[in-house]
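According to TrEMBL, the features are:
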type	residues	note
SIGNAL	1-18	signal peptide
DOMAIN	49-138	domain 'Ig-like'
DOMAIN	157-240	domain 'Ig-like'
DOMAIN	336-424	domain 'Ig-like'
TRANSMEM	431-453	transmembrane segment
REGION	517-547	region 'Disordered'
COMPBIAS	525-540	compositional bias 'Polar residues'
Amino acid sequence: MKVVATLALLQLYISATGEFGSTRKTQVSVKTPLQSFFFLFLSADLVTAEVSGNVSSETALSASPGDIVVLPCYSAGKVTPVVTTWTKNGREIVTGGDPTRRLIVNPDGSLNISATMPGDEGIYLCNSTLSDNSSFLARVLLQVTSGPENVSTSISPATALSNGTLYTDRGSSVTLRCSGSSYPSQHLTWAFSGDSSSNDSLVSGSGSSLEFTIQNIQPSAQGVYSCMAHNPVSNVTVISRTELLVYYVSDRHPECKWTLTQNISLVQFTCTWLEVYPTPNLRWDMGPLQVADSLNVTMSRSTLSDGQTVNCTAQPQHLGPEKEKLCSFTLELPFPEGEPMVSALEASNVTLTCTETTSKPPAITTWRKGLQLDNIESGSKYILSLEGPVFKLTIVNVTKEDEGFYFCHSENPLGLRELEVELTVKTASSAYTGAVIGIFIAALIMGSAVIIAKIVYNSRDRICLGGFGQVDDDSGDVLSLVESDDEQVFQDAVPRLPPITNGHHTTLVQIHRIPSSDHEDAETADTSPQQQEDTVQTEEPVQLVEF
C-alpha cells in the first residue's frame with residue numbers, strides 16, 4: 001500500500017489561558033511508499049514548541065486516494081496523552097482506538113486514516129489531555145488530491161504518420177482537444193512552439209477538457225502543440241505533446257528550364273517545384289524518381305533530336321499519381337533567316353542581318369567570313385550588335401576586299417545551321433551604268449505601249465465586229481453598205497423588212513466574198529460583166545442585221 005504525506009508547518013501558537021508563547025514555522029515535503037501500515041512521527045525540531053504548561057500546533061497535509069495518512073497531534077518528548085479527541089469540521093469523529101475502523105487513534109494521539117478517499121479532506125482538530133492535566137491542541141488541514149491522470153490530446157482533421165506525427169492540409173479548420181482527470185478540478189492550457197515562437201499560450205481553462213480551433217491553418221502554424229494539465233492543490237503538472245505538420249501543394253506547375261554549358265554539345269535541364277511541403281518527388285523522362293525541390297540532369301547531343309519533347313513529372317509525397325503536375329518543352333534546331341544577297345557601294349557602310357527565333361535551347365550565334373569561316377570580332381572594321389532576335393554585322397567603309405561570302409553561324413546542343421550571305425561591292429561608275437540601263441528599259445517599255453495602242457486604235461472597226469479572232473477566220477467577208485441617189489434602187493438592193501414586235505427595224509445585208517489580196521489585182525482585171533453577174537448570183541445566204 002502506498003503512503004504519501006506532505007507536511008507543512010504553518011504556525012505554532014499557545015492558546016490555553018490566553019497567553020502566547022514562542023512560535024516556530026517550518027515547511028517539509030515527505031513522500032514515502034510503504035507496503036504496510038506505518039506511523040508518521042514528527043520530531044520535536046519539526047513541529048513542536050514547548051512553553052510551560054500548554055502547547056498548540058497547526059499543520060497542512062495532502063494525500064492521494066488510497067494512501068495511508070497519519071495526522072499528528074501531540075509529539076513533544078515521550079509523553080503519552082491520557083485522552084485524545086479528534087473532530088472534523090467541528091464534529092467529533094472518533095474516540096479511543098478500534099482497529100477494525102478506517103480511522104484509528106494511535107497511542108500517541110495521532111489519527112491514522114487508511115485508504116484515503118475523496119471526502120476525507122477537511123480541517124481536523126486534535127485535543128489531547130496530558131498526565132499533568134495540561135491540554136494540547138493541534139489542528140491539521142487535510143487535502144485529498146489525485147491526478148492529473150489520463151491526459152490525452154486529439155487534433156482533427158489530421159492524419160497520423162508512422163512515427164506518430166500528425167499532418168493536415170493548408171486551409172483546413174483544425175480543432176485541438178485536451179482531456180484528463182484530476183481531483184480537485186485541474187487547470188488546462190494549450191501552448192504552441194514553432195519556428196517563430198516558443199511555448200506561446202493559446203488558451204486555458206478549468207475542467208475535464210479544453211478545446212481550441214484554428215481556422216484556415218497556414219504553414220506558420222506548424223509545430224509542437226502541448227496540453228498542460230495542472231492540479232492546483234498537489235501542484236502536479238502533466239504535459240502531453242503532439243507535433244502537427246501542415247502540408248501544402250502549389251497551384252502552379254513545376255518550372256522547366258535549361259542551362260548551357262561551356263561545351264555547346266551538352267545541356268543541363270533543371271526541374272524546380274517550390275511552395276510544396278513536404279519535399280515533392282521529381283523525375284525527368286530519362287531519369288529515376290527523386291525526392292527534391294530541384295532536379296538537374298545533363299544531356300548530350302547524341303541523345304537529343306529535333307522536335308523531341310522533354311517532360312518533368314512532379315508528385316506530392318502524400319498524394320497519389322492523379323495529383324501529378326508536369327512541365328515540358330520541345331527541342332528545336334536553330335534556323336537563321338536573312339537576305340542571302342546584299343550589295344553595297346564602295347566606301348559606304350553596309351549592315352548584314354540574321355534573325356534566329358526558333359532555337360530551343362537558345363542558339364549561340366556568331367558571324368564568320370569566307371570559306372575558312374574566320375570568326376568576326378567587333379572592332380573598327382566590323383561592328384556586331386544585337387537587337388532582340390536580330391544579329392547585325394555592320395561593315396565600315398566597304399572595299400572590294402570585303403566582297404565575298406559571310407555566314408551567320410547558329411549552334412545549340414542539338415546541332416548547327418548557317419545562313420550564307422553574299423556581299424557584292426560596286427563602284428560609283430557601275431552605279432551610273434545601272435541607272436542608264438534602267439532608263440533605257442523604261443523608255444523601251446513606254447514605246448512598246450504606244451505602238452500597241454496605235455495598232456489597236458487602227459483596228460477598232462474589226463474589234464467591234466467580233467475581235468481579231470473572227471477577222472482571221474472570215475478574212476474574205478466584207479460588209480458593204482451601198483448608198484445611192486436612187487432610193488428605189490437602194491430599196492431593191494437592200495430591202496427593208498417590216499418591223500418586228502419589239503419595235504426595232506430589220507435590214508437585209510448582203511455579204512460579198514472578195515478574193516485574197518495576192519490575186520486581187522489580176523482578178524479585178526479579168527473580171528467581165530458576166531463574171532460580175534455570176535458573182536452576184538453566187539452570193540452567200542443573206543444575213544439579217546438588227547439595229
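Glycine is treated like the rest: Cβ placed from N, Cα and C.
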I'd like the per-state residue tally for the domain 'Ig-like' (157-240) from DSSP, helix first, then strand, then coil.
3 helix, 51 strand, 30 coil
Could you give me three numbers for the domain 'Ig-like' (336-424), the DSSP helix, strand and coil residue counts?
3 helix, 52 strand, 34 coil
Taking every residue in the domain 'Ig-like' (49-138), what is their average pLDDT?
78
Residues of the domain 'Ig-like' (49-138) by DSSP state, where helix covers H, G and I:
0 helix, 41 strand, 49 coil
